[in-house]
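What TrEMBL annotates here:
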- A:6-29: transmembrane segment (TRANSMEM)
- A:13-502: domain 'NADP transhydrogenase beta-like' (DOMAIN)
- A:41-60: transmembrane segment (TRANSMEM)
- A:80-104: transmembrane segment (TRANSMEM)
- A:125-147: transmembrane segment (TRANSMEM)
- A:167-186: transmembrane segment (TRANSMEM)
- A:206-223: transmembrane segment (TRANSMEM)
- A:229-249: transmembrane segment (TRANSMEM)
- A:256-274: transmembrane segment (TRANSMEM)
- A:280-300: transmembrane segment (TRANSMEM)
Amino acid sequence: MEHATAGSSFAALAYLVAGVCFILALRGLSSPTLSQRGNRFGMIGMTIAVVTTLVTHVPMQAVGLVLTGPSGVVSATGPLFARIDFVTVLEILAAIGIGAVIGITTARRIAMTDMPQLVAAFHSLVGLAAVLVACAAFLNPIAFGIADMVIPMIGQPFAAIHGVSRIEMGLGVAIGAITFSGSVIAFLKLNGNMGGKPIMLPGRHVINLAVLAAILLLIAYFTQDQSAWIFWTITILSFAIGFLLIIPIGGADMPVVVSMLNSYSGWAAAAMGFTLHNSAMIITGALVGSSGAILSYIMCRAMNRSFISVIAGGFGAVADTSGGGDKIDRPWKRGSAEDAAFLMSQAEQVVIVPGYGMAVAQAQHVLREMADKLKEHGVRVKYAIHPVAGRMPGHMNVLLAEANVPYDEVFELEDINSEFAQTDVAFVIGANDVTNPAAKTDKTSPIYGMPVLDVEKAKTVLFIKRSMGGVGYAGVDNDVFYMDNTMMLLADAKKMVEDIVKSLD
Amino acid sequence: MDFVAILSIFVMACFVGYYVVWSVTPALHTPLMAVTNAISSVIIVGALIAGAAAGSASSKWLGLLGVVLASINIFGGFAVTSRMLAMYKKKDRPAPAKH
């Protein structure tokens, strides 16, 4: 990289163009109409970055006495006896091909309800790729242009890695490893291979802080001593801390966790970009890092919780014992599908409030059918989305889009909350805590201060729930269940909506 | 490039990221995660360098494995984003027949 040849300045320029394409890719997501074009910018940027790297780093094979120089560039060594190593070229192309087949097949087959798991799995791959790149750079630093050969008075010549590069590598491998193991746990929780309940280890805060401190100290020590054991210890400890950080976090806090891991995967790419002096990687890393951080912030704000309290974990682990007894006895009304169909068909406006339960029951398609039937009856139908409904940011929007719900019928919390007072029927399907008025009134409630959808202001609330026994994720009872104008529809969400559709005919 | 130059790019890019991401509509937050995931696989650049370099067989194989992982992400990430974005439709347009 130290050679300011025409080739390397062309490469630097190409990487910059790739970085700009990535900015445009995110910019496109400001509206659904421009978004496909944005995605294409992303693909163009990636193609530029990959082709530039392939062209400037053609694998070379040394013939005779010639040493392959930094980055495999022939001019770096001068002599004539180097030829293109076609076997390696084929291996690289095969590696890209294998990845393409697996990636495209997965992307085509995945169900939209499984999107959170897929994103978590993809994050883990970015993390692991970052770890592999950092390890490769540690094992062959000359190829990355981050070391000088040192020939000591006694002993073998070795590659001394630059001090700054050691910090960058250490941070890169640590963040990458945390992203990997954290995402694997998030994937297992989201995919149901592991219980959604938080797993609490005794003294976990002390353990976590000690491990984090050890990683940072080792990275600092790594600048003084580039022994292999330090590098591998950093890697192993980072895998461990990623695991330890995510296991105590419960299922419904996953939107924050997935966003946070998204952010980490970006910072890992940025750290490796510093090591390689590559502007495309640095720009992308910064974009992805800030994107994930902003999403985490939005999710935390929507739950009125601090980032620290989410990371500390354990929310919802303690069953609500205070006054659980008297709540069970409170009177509530049960309705049937026919009642619900009648009420909604007479309404002027129905607002549907979907939650994670809709995703679990796969009820989005039949819900859209119900909305179509209601529209035939002259009812105005809108959807109200709470930012943390579901298991990842925007989860509900994607499911509704999949079911062909036009996006201009779907509203965010702040845009629709004032409308509940003029709404005849609020139809809650698979959501609970996000409708709980205790968040506004009860200072002792664990969800106090969280912005909620004001469903209780509607003339009638229809609340689909599997049974009266279970409480929401936060472990608190919901007063909406016991209101005079609430009708509980106790059944599986999909089954209930199917019955309502039949009754609407 | 010296360290300060790359640090400047990094800091500027963080600001660009901040403003660009706040302008993303909340309805597209899931596609945003999918596409950021795809572009963060630009880490493939490092894997390609390691895979192409001579001098260390273990480094080369780590690089090639990195290329596979990053490619899964790149192709999978862009494909799934595109699949999701194709689903977002407006009311005015007649929806294509389904079911």
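Cβ atoms here come from the backbone N, Cα and C positions, even for glycine.
Long-range Cβ contacts of the transmembrane segment (A:167-186) within its own chain (Cβ-Cβ under 8 Å, at least 6 residues beyond either end) map to 120-121, 123-124, 126-131, 133-135, 137-138, 146, 161, 194, 215, 218-219, 222-223, 231, 234-235, 237-243, 245-247, 254, 257-258, 261, 264-265, 267-268, 271-272, 274-275. Under the criterion of 3 or more C-beta pairs below 8 Å, with sequence separation of 6 or more, the transmembrane segment (A:280-300) and the transmembrane segment (A:229-249) do not qualify as touching, having fewer than 3 such pairs. Regional average pLDDT for the domain 'NADP transhydrogenase beta-like' (A:13-502) in the model is 86.
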